[in-house]
Amino acid sequence: MKFLLLSTFIFLYSSLALARDKHYFIGITEAVWDYASGTEEKKLISVDTEQSNFYLQNGPDRIGRKYKKALYFEYTDGTFSKTIDKPAWLGFLGPVIKAEVEDKVYVHLKNLASRIYTFHAHGVTYTKEYEGAVYPDNTTDFQRADDKVLPGQQYVYVLHANEPSPGEGDSNCVTRIYHSHVDAPKDIASGLIGPLILCKKGSLYKEKEKNIDQEFVLMFSVVDENLSWYLEDNIKTFCSEPEKVDKDNEDFQESNRMYSINGYTFGSLPGLSMCAADRVKWYLFGMGNEVDVHSAFFHGQALTSRNYQTDIINLFPATLIDAYMVAQNPGVWMLSCQNLNHLKAGLQAFFQVRDCNKPSPEDNIQDRHVRHYYIAAEEVIWNYAPSGTDIFTGENLTALESDSRVFFEQGATRIGGSYKKMAYREYTDGSFTNRKQRGPDEEHLGILGPVIWAEVGDTIKVTFHNKGQHPLSIQPMGVSFTAENEGTYYGPPGRSSQQAASHVAPKETFTYEWTVPKEMGPTYADPVCLSKMYYSGVDPTKDIFTGLIGPMKICKKGSLLADGRQKDVDKEFYLFPTVFDENESLLLDDNIRMFTTAPDQVDKEDEDFQESNKMHSMNGFMYGNQPGLNMCLGESIVWYLFSAGNEADVHGIYFSGNTYLSKGERRDTANLFPHKSLTLLMNPDTKGTFDVECLTTDHYTGGMKQKYTVNQCQRQFEDFTVYLGERTYYVAAVEVEWDYSPSRAWEKELHHLQEQNVSNVFLDKEEFFIGSKYKKVVYRQFTDSSFREQVKRRAEDEHLGILGPPIHANVGDKVKVVFKNMATRPYSIHAHGVKTESSTVVPTLPGEVRTYTWQIPERSGAGREDSACIPWAYYSTVDRVKDLYSGLIGPLIVCRKSYVKVFSPKKKMEFFLLFLVFDENESWYLDDNIKTYSEHPEKVNKDNEEFLESNKMHAINGKMFGNLQGLTMHVKDEVNWYVMGMGNEIDLHTVHFHGHSFQYKHRGVYSSDVFDLFPGTYQTLEMFPQTPGTWLLHCHVTDHVHAGMATTYTVLPVEQETKSG
């Protein structure tokens, strides 16, 4: 250990001789925080007083808006007697810590609170004794002192700002964070979190970034006060009858979740003010739990982030991102989270753009076009599946035992598959008498409004006529407008009159005028056209779910034909995947009256009734009923994707049979979140009928899946790829007993170090739970076609865990997988990204052997700006959901031709990580597992919520709580981490590496120590380990941390050649 430390010190001090020393004196203090200090009347979006009172009003069993918290404060010096004022907008966040590359930062921490806390920094380099995180890491004595700073004690943390943060493609200064890490989720919920800004060498002048006028740091978080260490104190202090409080009551718990920005909720965040034409830098991060799916929307502004144009920034727990904006359009604007549940719960703030007579950037565009649209909102009867059939199974949608029955069955208290909705429809002129007929190319649009398109420099005029029964509007994204033309109504105190633009009454008409200045258009890195959307913003939640949404595309100057189609593109498709929540529709009561046979018996609060109205659709179509997704072999296709909704709307839209290019990367699955939009470029090279579907398991079974067809048309299309290399793998599906947690030692030591005594619902058997062992089926490699001898996994493969064998291929190869089904039910093997002869994956019956052939053309390999090797997943598709959760998944790695020989004389270390909550309730073997492993199988109720929860195994490669072994490397190794995400709505995983940053490529090289994973995300992360030690690797989502989605990786000093393991 002494040798290990000595080598670490020599390395750090030799490389940092030129460092600048910076000192911060930070105290942890307990204080009462008010989440909504400004109580003046504001007009917020989708919020009524009843909703705000639910969170802000205290009472007999309600805490209200004030909570005792522990917060980081900055002091002038080591006496800790005088605090330094911070900007009002920082809220309860700790002080901003700033460093340039090569700086050395000393954080003098004093704990003035009543319990142990620490200081753990993201994105910087530190040795083990400055990590500030509690977990079993084989350290002793002085290396443990950083793990717990007791009340009244002090500790100095020494941090080094090193390459690779920020990365070459990053902005000059990037967002990082620091927080306490005894029990990180509880410490953060108690208030201990702050921003750390890391900058490239020479980019700061007097502690401000050069060429930036204003900077702001924003944390979007649903702060869960139920997890705070001070919950008991807060109940005693702020509830008028504390003895009546039931801490397990769902309403009580929800009232303590504060939907806030920097600790301010319901529009009370102060101090966001700037001049028009100011160059503004936003440092943004998310924090929290599965509910923390945020879409930060800067109304009226254009931002660039990672060189792409945007007005929405998606944030998840520990997502770290920055954005640049030139403030425009003087006025008071809304900064909101467009997750519709968060909008209703008060996650909104105002920012002011003042007119300070600063010269604004010149817009020197000649010959402006005015594009005029005539759009009405009108009622329609909408059928989510006009054929009455599940196109995937051929069955009637109401067939017994079918997944679709719950949504399409009509009856006494069920609406069925048809709903009265509102839709935007286009007319020829302002008389609104002749509706424009949709052509065959527009058939796929479905419920969506007409496409509004424009080029940079254009003016858009939309004459909107409301034929409905409620006030409605049109709120665009991706264009510039004045406050008088905004379709969302909100306002600071004192602005009370309803504006015409944001409140078009029934039978009224309003003409909107929007412009497309240069900064709203695509950047050099963007595609030719940007996918955007428009929707009704009177009450976005109700209006969007009623059907009022449509696509927009904003394109580079001169890129469109007269009819709006993009030059050099054969076909354009618009896809809007969302869970239409008809319970939130403006017309719910009409639908109950019209379509149920006993409307007076309907209980709108009944969970089953609500579930039956959640329509998992694309453009308003379910189970393959979307028409018009037809194209020709070899055509140039653009897909414009966009979404809206809430935290359930985490989508992985998978195009089987083909890949696309987006942001320089080659992919086949696009991740979408509320209000996010994407442009995908595809050249289909295989004819047949393929699936476009959401990989999020509940969405897939719920009907969010369609078919697209690639035809051989007149145009001759030849695939000239010559597949020279041939690789054969012998893989079998084998049933095994799988133990998610063979040793409880790491978990027990963790809880001992945290001084917590916690039971474990996932691993403890108790009376009738299954425990940690389950029968599963896994892919395993064999030596030859006799399938007699399984390939023994080497030390470097130990970390694979449940994963099948890594299948490696280069572009131009043909991979033959000889697959034997040694299990007891039919399975198959199907890979993402590859080309196959047929669009059908044939199941292999028990005992059978079948050969699956995968071709690896150019479009299966890395894009121009990708890493040289990129991961895809392979899995069984007989029943996508049950096969996956039963255990069948593995990695496929595709490298550029001859990459290894040319680029890398030194072999890279490779590690494969699958972050997945294995839902054992969905496994084929659930009944077997109850029989075999439950102490009292006869007592098991498979619908019991606690039983269901106990079978959700939060695992990395199928292992929990430090049980994933074999992640061992040396200083100076080059390491590729191939990370994969699959699963359901809860499978948003923010993967955090302690001790090291990594690099990844998105049209440029970026650096971070947290990467966001979703169902269908496959990504290469490159790491160059430099600090020896055993380091934590975990998901940063609160529930996932507590449920055991964590392990460690070990970096050995360069001289110490020992066996890994």
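Glycine too: its Cβ is placed from the backbone N, Cα and C atoms.
Copied over from Swiss-Prot, here are the features:
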type: SIGNAL; residues: 1-19; note: signal peptide
type: DOMAIN; residues: 20-199; note: domain 'Plastocyanin-like 1'
type: BINDING; residues: Tyr55, Gly64, Tyr67, Ser255; note: Na(+) 1 binding site
type: BINDING; residues: His120, His179, His992, His994, His1036; note: O2 binding site
type: BINDING; residues: His120, His992; note: Cu(2+) 1 binding site
type: BINDING; residues: His122, His179, His1036; note: Cu(2+) 2 binding site
type: BINDING; residues: Lys128, Gln143, Asp146, Asp147; note: Ca(2+) binding site
type: BINDING; residues: His181, His994, His1034; note: Cu(2+) 3 binding site
type: BINDING; residues: His294, Cys337, His342; note: Cu(2+) 4 binding site
type: DOMAIN; residues: 369-555; note: domain 'Plastocyanin-like 3'
type: BINDING; residues: Phe407, Gly416, Tyr419, Ser612; note: Na(+) 2 binding site
type: BINDING; residues: His651, Cys694, His699, Met704; note: Cu(2+) 5 binding site
type: DOMAIN; residues: 725-895; note: domain 'Plastocyanin-like 5'
type: BINDING; residues: Phe762, Gly771, Tyr774, Ser950; note: Na(+) 3 binding site
type: DOMAIN; residues: 903-1057; note: domain 'Plastocyanin-like 6'
type: BINDING; residues: His989, Cys1035, His1040, Met1045; note: Cu(2+) 6 binding site
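All features noted in Swiss-Prot, drawn onto the structure.
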residue	record	contacts (Cβ under 8 Å, 6+ apart)
Gly64	Na(+) 1 binding site	Leu56, Gln57, Asn58, Phe238
His179	O2 binding site	His120, Asp187, Ile188, Leu192, Ile193, Gly194
Cys337	Cu(2+) 4 binding site	Phe220, Tyr259, His294, Ser295, Ala296, Phe297, Leu343, Leu347, Gln348
His342	Cu(2+) 4 binding site	Val222, Tyr259, His294, Asn646
Gly416	Na(+) 2 binding site	Phe408, Glu409, Gln410, Phe595
Met704	Cu(2+) 5 binding site	Pro577, Val579, His616, Ser617, Met618, Met622, His651, Glu693, Cys694, Thr696
Gly771	Na(+) 3 binding site	Leu763, Asp764, Lys765, Tyr933
His989	Cu(2+) 6 binding site	Phe915, Gly981, Asp1012, Leu1013, Phe1014, Cys1035, Val1037, His1040, Met1045
Neighbour tally for Ser612 (Na(+) 2 binding site), based on other Cβ positions within 10 Å of its Cβ: 22
Check: same-chain CB within 8 A of O2 site center, minus His120, His179, His992, His994, His1036: His122, Ala133, His181, Ala184, Ala318, Asp1009, Val1010, Leu1032, His1034
Contact between the domain 'Plastocyanin-like 3' (369-555) and the domain 'Plastocyanin-like 5' (725-895) (at least 3 Cβ pairs under 8 Å, separation 6+): no
Cβ packing number for Phe762 (Na(+) 3 binding site), 10 Å threshold: 23
Average model confidence [pLDDT] within the domain 'Plastocyanin-like 3' (369-555): 95
Collapsed DSSP category at His1034 (Cu(2+) 3 binding site): strand
Nonlocal neighbours by CB distance (under 8 Å) for Asp146 (Ca(2+) binding site), same chain, sequence gap 6 or more: Thr118, Lys128, Glu129, Tyr130, Glu131, Gly132, Tyr155, Tyr157
Between Asp147 (Ca(2+) binding site) and Ser255 (Na(+) 1 binding site): CA-CA distance (Å): 33
Integer Cα-Cα distance in angstrom, Tyr55 (Na(+) 1 binding site) to Phe762 (Na(+) 3 binding site): 31
Per DSSP, three-state class assigned to Gly771 (Na(+) 3 binding site): coil
Cα-to-Cα gap, His1034 (Cu(2+) 3 binding site) vs His994 (O2 binding site), nearest whole Å: 9
Candidate binding-site residues His181, Phe762, Ser950, His994, pick with smallest Cα gap to His122 (Cu(2+) 2 binding site): His994
Number of Cβ atoms other than its own within 10 Å, given for Ser950 (Na(+) 3 binding site): 22
Conformational class of Asp146 (Ca(2+) binding site) under the three-state DSSP mapping: helix
Position of peak Cβ density within 10 Å, selected from the binding-site residues His120, His651, His699, His994, His1040: His651
Shell list (Cu(2+) 6; ref centroid = CB of His989, Cys1035, His1040, Met1045; cutoff 8 A): Phe915, Val917, His954, Ile956, Thr990, Val991, His1034, His1036, Val1037, Val1041, Ala1043, Ala1046
CB within-chain contacts under 8 A for Phe407 (Na(+) 2 binding site), separation at least 6: Tyr384, Leu397, Gly417, Ser612, Lys614, Met615, His616, Met622, Gly702, Gly703
Minimum Cα separation from His994 (O2 binding site), reported as the residue among binding-site residues Tyr67, Asp147, Tyr774 that achieves it: Asp147
Same chain, 6+ residues apart, C-beta under 8 Å of the C-beta of Tyr774 (Na(+) 3 binding site), given in sequence order: Glu737, Trp738, Tyr740, Glu920, Ser923, Tyr925, Asn929, Tyr933, Met953
